Amino acid sequence: MTSNRFFCSGGVIRQCLRQHGWIGLLYLVGLLFTVLLPLFMSIGDEQPRVVLKSLFDNTSSGNELQKLILTTVPVLAGVMLLRFVQRQGSSDLYHSLPLRREHLLTSHLISGLILLLVPVWLTAGVTAWVNTSVELPYIFHIHDIGSWALVVSVLTIFLFTFTVFVGICVGQSLLQIVVVYVLLLLPQFLSMMIGRFLERNLYGYVQVRETIVQYINGSEFRSSNNVWDNLSPFVRIMDNLPQRAFSYMELLAYLGISLLFVALSYGLYRKRLVEKATQAMAFSFFQPLFKAGVILCAMLVIGDYFYNAGTRGAANWSIFGYALGAVLGYIVVEMVVRKTWQIVRVRALVEMVVYGVIMGLVLYIPISGWLGYEGRIPTAHSVEKVYVGQEEPLGGNAEKEAYYSQDRAYIASVLNLHRELVRAHAAGEKTLSKNLAVERAVIIYRLDDGSTMTRRYTFPEKPFRTELTKVMEAEPYKTVRYELDKLQGKAETINIQSVDDNERRVVLTNPKETREFEDILREEVLNMSYSEMQSHRYPLGSVSITNKESSFTNNEPSWHREFSFEWPASYHKLTGWLEQKGYADKVIIDSKDIFSIRAVPIIAEELEPYQPNQYIEDYKLFKSIQQKHKAITIEDPKLWSTVLEKRRPYSYTPNRAKGTYLVQVKIKPLFSSDPHTRYCYLTPKDMTPELAKALPAIP
């Protein structure tokens, strides 16, 4: 019955194959359905043949279903084959056989690998045969099939052996499934939730999002290169295939980890008691880790919920959420472990307090001042390069040397701003006011020891205006904010368009004019003062530049060669150049283009209560206010010019200064029949005496 040579039982293997052969059949049908069938479905279409990067991307729907099958069937096999240690009757029967435990486990492992790997290589063989026999609408080669089979085989082995290992550690099949998928998702979940927790409670903390940007067939694909995300196989499979193929080193790592799970399974199975079947935890030494993990996750989830559901920044609600999470997490895990809801006892209460305090310290210590994170500022001589922008750079932008400055004066200005932000926070002066403009800054230092230090701050603009001016008026900052590195003198077309309608536009294609325009535009941006950068005035127009394809990689989509600028009224030299060429009048809206202008007062008390991330469309807000206050029509064409000059772009916020008007501007069309309608603001600072007479004071 037992083969000592192979340390397994042929009879047990045959029994497993007879009992669970449907799993192998299900896997085979699923792989054929998601890999081979989509290759046939487009036969006969008069479309050019498509080159497949891999067999994971034959169709979008097949791709998703294939990944779903890959992440479920191996887990199902591991659960079903380990039922003999989870059910009391089966456990007693198998362990009464004249077989050593190593023989039992080896037999079930071999059975599972046969059930799972044979369908993979059968699918690969059939696909290779079909590819050589039929002209398919897709182009792929034998090495593509081999790569697919290798990746699927390794991932199948990993998921199966991991499920077996979990099955040895727990005593219930349902709990085994839950624990498997929770652990597969745990690295990304903890990375995300702890990152959000630290960003809210640790001043300056930013979760670095390492993003890989790829261009495939004219489309952009972004995938995370975060080490914690990569440690989550489920996320790695579901989110990153086929854009990010598994490297051979990754596959070797998965095989090595699979062997480790097998070795641990053998070691733990020797120690496992037969009577632990149907128990939640088969080993008591896993219980503290299991309880601590569940409590920590519950604290993070419920604490995050209370932070988002309540008033933002209300620390009391957040603390209540974390405490409630600890209590609920302990109650749930205790009921699972004990398989009863009757868990009320003194020892349980003491244990809950102990776990809650320990997990509370785990969350508190990183955000306390003990580690010195918030006050850590590099010295000037240790900084080699610095990046400052409103957002953290993603993908290729994170490596662009043009975005990192070595200018010592600029580095000194950035460090000075950084020191002031830290000082104000330590002194309790960082509170954001509803009526103050807010500024954001992401600072990345590249230090002389090769390390990187990243901070992100959101702070009121006015108290730090002096420090901000020195940073934001510098060329390195403007290079980042306005992407000046893309002004390379290689523009294919420059589209200059009114921001009020898309009919008034000019397109420059003459190489001499495009070079002149780019040079002047760059000069205007570099000459902008801090006040002009923060003016938020309504621009005269917008500029969209499309670079020649030769100036970028061939795989990059055409839309990615486009970038935009605003054309504010402060760009006098650019405006003069466009007027000289006769282009300005074709774009700029003036009083002769106006059909009508009406205004309604903004009264903060009458607006709906503001909700975080709330946005109300401009026309809806105008209509809502118009129901309470009659719209005032401005008849004088001279005042139309004043409105066009003084207006500010629409953005919804309930904290507008008293005396602000929402203005509806209707513009005569050039080609269509209906006028173009735009909405803007006029603040008390924008009011001229003539406008003040036309628009009565708001009560």
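Using N, Cα and C of the backbone, Cβ positions are placed for all residues, glycine too.
Counting same-chain residues at least six beyond the ends of the transmembrane segment (21-43), those with a Cβ under 8 angstroms from any Cβ of the stretch are 55, 58-59, 61-63, 65-66, 69, 73, 76-77, 80, 114-116, 118-120, 122-123, 126-127, 130, 134, 136-138, 148, 152. Under the heading transmembrane segment, TrEMBL lists 21-43 (among others).
Residues or ranges marked as transmembrane segment in TrEMBL: 68-85 (among others).
Below 8 angstroms of C-beta separation, residues 6-9, 12-13, 16-17, 20-21, 23-25, 27-28, 31-32, 35-36, 39, 55, 73-74, 77-78, 81-82, 84, 142, 145-146, 148-149, 152-153, 156-157, 160-161, 164, 262, 265-266, 269 of the same chain, each at least six residues beyond the ends of the transmembrane segment (105-128), sit close to that stretch. Feature annotation from TrEMBL assigns transmembrane segment to 105-128 (among others).
The feature transmembrane segment is assigned by TrEMBL to 148-170 (among others). Here the transmembrane segment (148-170) has Cβ contacts under 8 Å with residues 31, 35, 54-56, 70-71, 74-75, 77-79, 81-82, 85-86, 108-109, 112-113, 116-117, 120-121, 123-124, 176, 179-180, 183-184, 233, 237, 245-246, 251, 254-255, 257-258, 261-262, 264-265, 268-269, 272, 280-283, 286 of the same chain, all six or more residues outside its ends.
Annotated transmembrane segment per TrEMBL: 177-198 (among others), in sequence order.
Residues annotated as transmembrane segment in TrEMBL: 251-269 (among others). Counting same-chain residues at least six beyond the ends of the transmembrane segment (251-269), those with a Cβ under 8 angstroms from any Cβ of the stretch are 85, 101-102, 105, 109, 150-151, 154-155, 157-158, 161-162, 164-165, 168-169, 233, 282-283.
Annotated transmembrane segment per TrEMBL: 289-307 (among others), in sequence order.
According to TrEMBL, the feature transmembrane segment maps to 319-337 (among others). Long-range contacts of the transmembrane segment (319-337) within the same chain, counting only residues at least 6 positions beyond its ends with a Cβ under 8 Å from a Cβ of the stretch, are 175, 280-281, 287, 290-291, 294-307, 343, 348, 351-352, 355-356, 359-360, 363.
The feature transmembrane segment is assigned by TrEMBL to 349-373 (among others).
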Stretch in 68-85, 177-198, 289-307 most in contact with the transmembrane segment (349-373), if contact is a CB pair under 8 A: 289-307
